[in-house]
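Asker: Here's a structure for you.
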Amino acid sequence: MERATNPDPLPWSVCPLNSNRTGYDEECEKASSTQYFWYRKTLNISPSIQDSGGVQWEQALCLLLAWLVVYLCILRGTESTGKVVYFTALLPYCVLIIYLVRGLTLHGATNGLAYMFTPKLEQLANPKAWINAATQIFFSLGLGFGSLIAFASYNQPSTNCQKHAIIVSLINSSTSIFASVVTFSIYGFKATFNYESCLNKVILLLTNSFDLEDGFLTASNLEQVKGYLASAFPGKYSEVLPQIRNCSLESELATAVQGTGLSFIVYTEAIKNMAASQLWSVLYFFMLLMLGIGSMLGNTAAILTPLTDSKVISSHLPKEAVSGLVCLVNCVIGLVFTMEAGNYWFDIFNDYAATLPLLLIVLVEIVAVCYVFGLRRFESDLKAMTGRTLNWYWKAMWAGVSPLLIISLFVFYLSDYILTGTLQYQAWDASQGQLVTKDYPLYALAIIGLLVASSTMCIPLVALGTFIVRCLKRGDTPPVA
């Protein structure tokens, strides 16, 4: 088994000493060194969302620097952002290729890959799994955010957008599978390491408790020897039994996490057990930095494009000022996530501000293009751009299959939350050293409703405003409901 042999270990590789320097920190011992470093040292997380705490200056400084970098990248307008995106998009592929080679050579990587490619029928029958998959596709492709539309608006009218759409979709899907192979190879190494460490602790416990010969007890005969000891020495075995852990590779593989837990706990826990762990940690976090900046650039472009194209705003403010104001507002809002309870608010924004609204926005876009603007007019515009007539597949997907799938996901999404009942979140309990489930307070539920409404109400409000303006231009009186 590989362990980091560098005399200067990673800061999350070992637990710190307690205040008396007589042992390890109690919270860290109950959790793990990686979890302790993430929740206590990095986030300094509060026990609940009600305990907001103060702003963490280290996180606030990183947030400020990140938005400063974004502002410098978009200083000359959205057109120059594309040059930066080449770097932020291509570099993670280079790091992933390096990680793929390293991951496949790790002990236990095949266990993770076998777990990844083994179908889980119970998961496939769970509607929430399909909701999560669809939401992930929306996030990775940028559907409903406006970033794709913003960047595409700078293309020439003769651009073959159909070809680009196919290429982007194939690259996105291939990247997801590629990244999953890298992730599960490292995840398999972590699970195998934990499983074998568990077995070694049980073997050491039984060897010392029953004065067995060193090397007699192995992983292959462990269960057989345990049965013999239980029958031959029932009294002594019953005393030792509470200390014997139930080691299972399958359970280690099944404890999958997502989001920040996958990025900052599972990966970093695996990295600390690799040789040359400092090198792998630098590569990994630099890749995350590039991915984050790339996402920030794309989302900022979606906001800046309509603002800079607006004659009302562009006639009073230059592009640099508009870009600076957008970055400043986003940075100020982001300070909420740097508080001690910031991770809980981050989960709220991540789970509710861009899941249900995304489904609705994309559905409205499809209906607007296919049934308001008209599928025939849309087809003629695409023919003028690409020079080719669309076949039946595209029209069937746009007009029928895609709306039905999104409506089904929309229904599953709502029914899942209705059946779940009160919305809950995972809070860090320092006394137990683990996450516990808590109910959201009323004001958090109100903010969740406001987030969902703010993302979706712009559609009917803009439609109503446009209708009223047109009625006033014609000299008519809009009907009053």
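Counting begins at 1 with the first residue displayed.
The backbone N, Cα and C atoms fix where each Cβ goes, glycine too.
Checked TrEMBL, it gives:
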TRANSMEM  57-75  transmembrane segment
TRANSMEM  84-109  transmembrane segment
TRANSMEM  129-154  transmembrane segment
TRANSMEM  166-187  transmembrane segment
TRANSMEM  282-304  transmembrane segment
TRANSMEM  325-346  transmembrane segment
TRANSMEM  352-375  transmembrane segment
TRANSMEM  396-420  transmembrane segment
TRANSMEM  440-464  transmembrane segment
Asker: Contact between the transmembrane segment (282-304) and the transmembrane segment (129-154) is defined here as three or more C-beta pairs under 8 Å separated by at least 6 residues; is that satisfied?
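Answerer: By the criterion, they touch.
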Asker: What parts of the chain pack near the transmembrane segment (282-304), using Cβ distances under 8 Å and only residues at least 6 beyond its ends?
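Answerer: Here the qualifying positions are 66-67, 69-70, 73-74, 77-78, 81, 84-85, 87-89, 91-92, 95-96, 98-99, 142, 145-147, 149-151, 263, 267-268, 271, 322-323, 326-327, 330.
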Asker: When you scan the chain for residues with a C-beta under 8 Å from the transmembrane segment (440-464), skipping those not six or more beyond its ends, what do you find?
Answerer: 49-50, 348-349, 352-354, 356-357, 360-361, 364, 422-425
